[in-house]
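Colleague: My questions will all concern the structure given below.
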């Protein structure tokens, strides 16, 4: 049986956000690691369906009716019938840190056969500085057995705050539909014992199934966009959040780490269904990547919210002509920030919210 340290790290400062449409039996496997923490479960799909959560977990459960009640007309910015709905959990959390995981992600084992406490590793990543301005060839210089290599500027060795910890997955890789179709049997069996800071100026494809971030530093940028029901695109929710977040982290001098920890991704989604959701995104991303590579934020964008509103304006001007969807998305980005600020007034602890089913 896996064990955890007697006093879990950040026990009262971290929420675990899980989007789901099914009973959360997968939590049994995570019990040794997750039970001390508060869970925010965002139920997607039919709000009348009862989602069962194993006994002994401390959780809030929000369904679509709760989202509509809490956000009113602004609920239009939260996606429906898509795991992008998880970002509602980020908005209503009252904690400094967030860990989000999908319900088809299980505990992985390291090469010695020991269960990996993914949450513990994410917390270590977030509490440790990042080095986005100069690459250390020994990857993370703050890990045991590593340090800054010869030639690394001493003025940069203090590092910067880590805003995002992006974890990886064993077994089913996080592929797009065309790659899934040509490599249906491929499995990721490579466990690479490495963590690195993604350099300033480099974008990356962020996967939302095993992700942690400092909500106070970067939370308002973690908007997973308009996806799923009624939208022409899906499966780009975490990508969109990742591109916006990285541009803002670069501007504000924050770090993003990727690598450990691994989780076990248990099942492949249907590539034909995925292709239908993704095909516009695969086409549009050839415009989206150059857009994000060229985004510049003015000096007076000193908060995440100001940065995000500025990006939304540029989305409208430059991507609105690619497709009208981006005009709607730009408006939703503004709505998201307005809703975030209503629920999280700056300098004031977020107000207590009416929960869906609270336990």
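Cβ atoms here come from the backbone N, Cα and C positions, even for glycine.
Owing to the predicted nature of the structure, the values given are computational and were not obtained by experimental measurement.
Positions annotated as N-linked glycosylation site by TrEMBL: 150. Under the heading site 'Required for activity', TrEMBL lists 150, 157.
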Colleague: Report, in whole Å, the straight Cα-to-Cα distance of residue 157 (site 'Required for activity') from residue 150 (N-linked glycosylation site).
Modeller: 12
Colleague: List the same-chain residues at least 6 positions away in sequence whose Cβ sits under 8 Å from the Cβ of residue 157 (site 'Required for activity'), in sequence order, or say none.
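Modeller: Expected: 141, 148.
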Colleague: Counting across all protein chains shown, how many other Cβ atoms sit within 10 Å of the Cβ of the residue listed as 'N-linked glycosylation site'?
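Modeller: The residue listed as 'N-linked glycosylation site' is surrounded by 6 other Cβ atoms within 10 Å.
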